[in-house]
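K.L.:
Please read through the structure below; I'll follow up with questions.
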Amino acid sequence: MIFPIRCFSCGAVISEVYEEYRNRLKDGENPEEILNDLEVKKYCCRRMFASHRLDNDRELFDDIVEYK
């Protein structure tokens, strides 16, 4: 759905790097390299990015909103 502000496991703030991650991912960069550059080091935090659906620059939330 909407990208979380904090990691569900450790509570670290992760939303502050989400826009840059999304833009660089859209440009075709490797997700692993992006997260390394953004210094997202914990596996639990990296999981939050890896499991968040982005399909053709649309999030799951964008699809669900259509069915009010």
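Cβ from N, Cα, C; glycine included.
Copied straight from Swiss-Prot:
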type: BINDING; residues: Cys7, Cys10, Cys44, Cys45; note: Zn(2+) binding site
K.L.:
So around the Zn(2+) site, Cys7, Cys10, Cys44, Cys45 aside, which residues have their CB within 8 A of the centroid of those CB atoms?
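P.N.:
Apart from Cys7, Cys10, Cys44, Cys45, the close residues are Arg6, Phe8, Ser9, Gly11, Ala12, Ile14, Lys42, Tyr43, Arg46, Arg47, Met48.
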K.L.:
Of Cys44, Cys45, which of the binding-site residues has the most Cβ neighbours inside 10 Å?
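P.N.:
Top count of Cβ atoms within 10 Å goes to Cys45.
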K.L.:
Taking the binding-site residues one at a time (Cys7, Cys10), which has its Cβ surrounded by the most other Cβ atoms within 10 Å?
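P.N.:
By the 10 Å Cβ neighbour count, Cys7 comes out on top.
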K.L.:
Quick one: what's DSSP say for Cys45 (Zn(2+) binding site), helix, strand or coil?
P.N.:
helix
